[in-house]
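Participant: Okay, these came from TrEMBL:
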DOMAIN    32-164  domain 'UBC core'
ACT_SITE  CYS116  active site, glycyl thioester intermediate
Amino acid sequence: MLTLASKLKRDDGLKGSRASATASDSTRRVSVRDRLLVKEVAELEANLPCTCKVYFPDPNKLHCFQLTVTPDEGYYQGGKFQFETEVPDAYNMVPPKVKCLTRIWHPNITETGEICLSLLREHSIDGTGWAPTRTLKDVVWGLNSLFTEDFRNKVEDYIKCYAR
């Protein structure tokens, strides 16, 4: 993580001299995303649930990382579920793209690994979808909540309600 932060500092020095006139809009957008990610990753690592681990295959690419959730309660206790997260260039105006890499039966995860979680939707009917005020910490805590006891109780209530 420090590698990217030092790279951003070096880039700031270059921008002041000659690069700012030649930088394209897409480069600036990526730079904004990377600046946000440096701060958000630090916050995420400081506030990570005990059941989650974050892994960055390339410390220079904070926009691609893996999350491992190992629930300590409920139906999925003892399981190990891997998610791949990619943060798009237009972040934080659009949500990160998350895919479950572990084959699992879960009411909110499809066979292909797509995740149904309102905060990962760009547009949501109920108003709980993605907003620029959300962070990666919210995404990780949301994914973790899919495996907690509270979620299990909600699913059981849903089944009881519609089984009548």
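Each residue, glycine too, has its Cβ placed from N, Cα and C.
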Participant: Just to confirm: which same-chain residues, 6+ apart in sequence, have a Cβ under 8 Å from the Cβ of CYS116 (active site, glycyl thioester intermediate)?
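Facilitator: Spatial neighbours, sequence-distant, of CYS116 (active site, glycyl thioester intermediate): ASN108, ILE109, THR110.
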Participant: Within the domain 'UBC core' (32-164), what mean pLDDT does the predicted structure show?
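Facilitator: Its mean pLDDT is 87.
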